[in-house]
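> Sending over a structure as structure tokens; questions will come in a sec.
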Amino acid sequence: AREISAKASTRDMHLHDPTTTNEGPLSIATPGELKGYWEAHKRFGKLKWNEIIQPTIDICKNGFEMSKHMYDSLHTNSKVKMDKQLRQMYVDEHSNEFYKPGTIIKPDKLCRTLEIIAEQGGDSLYIGKLAEMFASDLKDMGSIITKHDLEEYEVRWNDSIPIDINGDIMYVIPPPASGILVSYIVNILKNYNFKPEDISSVNSTILTYHRIIEAFKHTYGKRTQIGDPKYVNIDDLVKNLTSSEYAENIRLTIDENSTKDGPQDYGGQFYIKDSHGTAHISVLGPNGDAISVTSSVNFYFGAAMTGNRTGIIVNSGMDDFSSPGLLNYFGLPGSERNYIQPQKRALSSMAPTIVVGMMARIICDKMGKTEMSNW
């Protein structure tokens, strides 16, 4: 349920002003998270949909305390004070400062939106009256996302990729997410056969962490080759990064006494822009069901724009794409496989993972930025 670019998107749409990738209306991607929850509920859910949404509605109506983390996050996005709805929620008009931690926040318009979603289902944001309201909000913001973009959004069901780890099975999410990078790291490292003795002394600990860091570097270089498989052919990449033999050949190139000079030495031919914070939850049910969910609006408070009708704070998901002609600090160009195309999913650092073995089950991911797949 990754967000996608609008149908009117073009690969050059941000070149006139690179800041439009992470702020303002051109940074907004068509959201998919709610549709994903709705489709998952239809397939696997046992509780009534409105019962699932009701606790969130209760929090919304009763208000929630401004946390220290939220207070700090507000200061990272300078555009928050420029949005009327966000100002009303988070800014003291007398002092023009953000409310202090502990202040009760009540996003009234969002409460009504949640009630509609509870009553009418998770697809109500995509088809129907609420969708029309949301489309009008987006139009008022200056977004190129239309009602038709919302109507045409489809959840993509993909099989997870199983990876053998000495008898245990690790299930990772396929591209354009970064699950294959997790498998690559594990496959590189597993033949080191780490034991407690590998961190029992200063020298052995240094060597162990050196090996791990080098595996991360090789993996991060491969990240630039990932793209949406609906638009680019990455079959060979997936095959290689999930292959124990391929990873072992890379492991044998790791120098135990030194590192290499530059990104190119680790396969970094292109660069991928920094992504931002995420939220993650892992759940293991008493019947053995396991769920690993990661979500994000990208930058703190997304595009820092809120729907006047719906109260929805929109994402800045377009920042996860690459654009031609823009170079990073090392002078590397953006990955062509991650260039914008209409209705395309951008490369994601998310890598929710489930490990199933004889003795235990592990569900994990990492909240963070571009390097989050290097856990």
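Our numbering is plain: 1 for the first residue shown, then up by one each step along the chain.
Cβ from N, Cα, C; glycine included.
Positions annotated as active site, nucleophile by TrEMBL: THR278. Annotation comment: TrEMBL describes ARG2, SER296, VAL297, ASN298, ASP320, SER348, SER349 as L-glutamate binding site. Annotation comment: TrEMBL describes 1-17 as compositional bias 'Basic and acidic residues'. According to TrEMBL, the feature region 'Disordered' maps to 1-25.
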> Could you give the residue numbers and ranges of same-chain residues that sit at least 6 residues beyond the region 'Disordered' (1-25) on either side and whose C-beta is under 8 angstroms from one of its C-beta atoms?
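Sequence-distant neighbours of the region 'Disordered' (1-25): 31-37, 39, 79, 138, 141-146, 148-149, 152-153, 155-156, 176-177, 273, 298-299, 303-305, 315-319, 321, 323-326, 339-346, 348.
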> Output, ordered by sequence, the same-chain residues six or more apart from VAL297 (L-glutamate binding site) with a CB under 8 Å from its CB, or 'none'.
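Those within reach of VAL297 (L-glutamate binding site), by Cβ under 8 Å and sequence separation of 6 or more, are ILE313, VAL314, ASN315, SER316, GLY317.
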> Taking the Cα atoms as reference points, how far is ARG2 (L-glutamate binding site) from the residue listed as 'active site, nucleophile' in Å?
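ARG2 (L-glutamate binding site) to the residue listed as 'active site, nucleophile', Cα-Cα distance: 13 Å.
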> Across all chains shown, how many C-beta atoms besides its own are within 10 angstroms of the C-beta of ASP320 (L-glutamate binding site)?
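There are 28 of them.
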> Most Cβ neighbours within 10 Å: which of the recorded positions THR278, SER349 is it?
SER349
> Cα-Cα separation of ASP320 (L-glutamate binding site) and THR278 (active site, nucleophile), in Å?
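Their Cα atoms are separated by 13 Å.
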> What is the number of other Cβ atoms found within 10 Å of the Cβ of ARG2 (L-glutamate binding site)?
24
> If you measure ASN298 (L-glutamate binding site) to THR278 (active site, nucleophile) at Cα, how many Å is it?
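So the alpha carbons of ASN298 (L-glutamate binding site) and THR278 (active site, nucleophile) sit roughly 7 Å from each other.
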> Using DSSP reduced to three states, classify ASP320 (L-glutamate binding site) as helix, strand or coil.
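Looking at the DSSP assignment, ASP320 (L-glutamate binding site) belongs to a helix.
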> If the L-glutamate binders are ARG2, SER296, VAL297, ASN298, ASP320, SER348, SER349 per the record, what's the largest distance between their Cα atoms, in Å?
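So the binding residues stretch over 13 Å, Cα to Cα.
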> DSSP says what for the region 'Disordered' (1-25): how many helix, strand, coil residues?
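Split by secondary structure, the region 'Disordered' (1-25) comes out as 5 helix, 1 strand, 19 coil.
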> Could you give the Cα-Cα distance between SER349 (L-glutamate binding site) and the residue listed as 'active site, nucleophile', in whole Å?
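Their Cα atoms are separated by 10 Å.
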> Should SER296 (L-glutamate binding site) be counted as helix, strand, or coil on the basis of DSSP?
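In the DSSP reduction, SER296 (L-glutamate binding site) maps to coil.
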